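One structure below.
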């Protein structure tokens, strides 16, 4: 599929002297999307001099988890690759919700593995339907401009570049390829029952909203994808403004602290925006809007610019403290 070939060609061009080979990882759940991505990657390994790492995340959430892991290893072996099974512990009572907690555990496992094996690029099988569903979920959650930019073709997390070459590809194309693959190989695609489970937000979306959208607005996925592109452009402009504002805040080494006094000279809207931008620079998950507004209130109200008493704001494993007039970021 051309977008994948174009991506690999660009990665090879950026690393023409990669030795012994360009290290790339892919995730394999055993579903149609990731299975077809792996099948498409295999012929590219020799052509683009790729050292391919296939990773399956064992979340331990479903009774079928062990069977799925074995299936992925067998599928990878059939295609001529080795599949590494990474077991994770999902923090089900973290307050994030099971879906979000599983996603966080999955990406942390990816990041840890890639760092240990010096892998800089990870390719994911997200497609147009995934993008459209993500945008609907974010809209219903009240996301702002950044969230409504949707999933990006490339983003960095934990020192790894994640690529999504199939974001403009409809799922139906992948399903047709999967059907042909099954007919030839005998390998069935894993169907995760949670995908249509009404207890999960994405499952509810697929069963309750998507059928109506398909009937009334057949091009709804393409329309939302265009909306995401426009929002991403707007976000890029906002980040330019935030970066310029941050430069005026007497930044400390590594942008780990800034002047509270200089921050207070900004308008309230720009105070909020530059704080979000500062957090994102350090790959810190964004707090809820309610918590962020509480932080802003405390930062605006702390007396004597933090010289008379300390202010500490806790967020997951991170700590934001006002110390002697500086807003400082730390980690527990």
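Cβ atoms here come from the backbone N, Cα and C positions, even for glycine.
Just so you know, TrEMBL annotations are computer predictions that nobody has curated.
Feature list (source: TrEMBL):
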DOMAIN    24-207  domain 'tRNA(Ile)-lysidine/2-thiocytidine synthase N-terminal'
BINDING   29, 30, 31, 32, 33, 34  ATP binding site
DOMAIN    259-326  domain 'tRNA(Ile)-lysidine synthase substrate-binding'
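What TrEMBL annotates, mapped onto the structure for a quick look.
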residue	record	Cβ contacts under 8 Å, 6 or more apart
29	ATP binding site	56, 57, 68, 72, 190, 192
30	ATP binding site	56, 68, 71, 72, 75, 189, 190
31	ATP binding site	189, 190, 191, 192
32	ATP binding site	174, 175, 178, 189
33	ATP binding site	125, 126, 127, 130, 166, 171, 174
34	ATP binding site	26, 27, 28, 125
How does the domain 'tRNA(Ile)-lysidine synthase substrate-binding' (259-326) divide up by DSSP, counting helix, then strand, then coil residues?
36 helix, 13 strand, 19 coil
Setting 29, 30, 31, 32, 33, 34 aside, what same-chain residues sit with their Cβ within 8 Å of the center of the Cβ atoms that define the ATP site, listed in sequence order?
28, 35, 36, 125, 189, 190
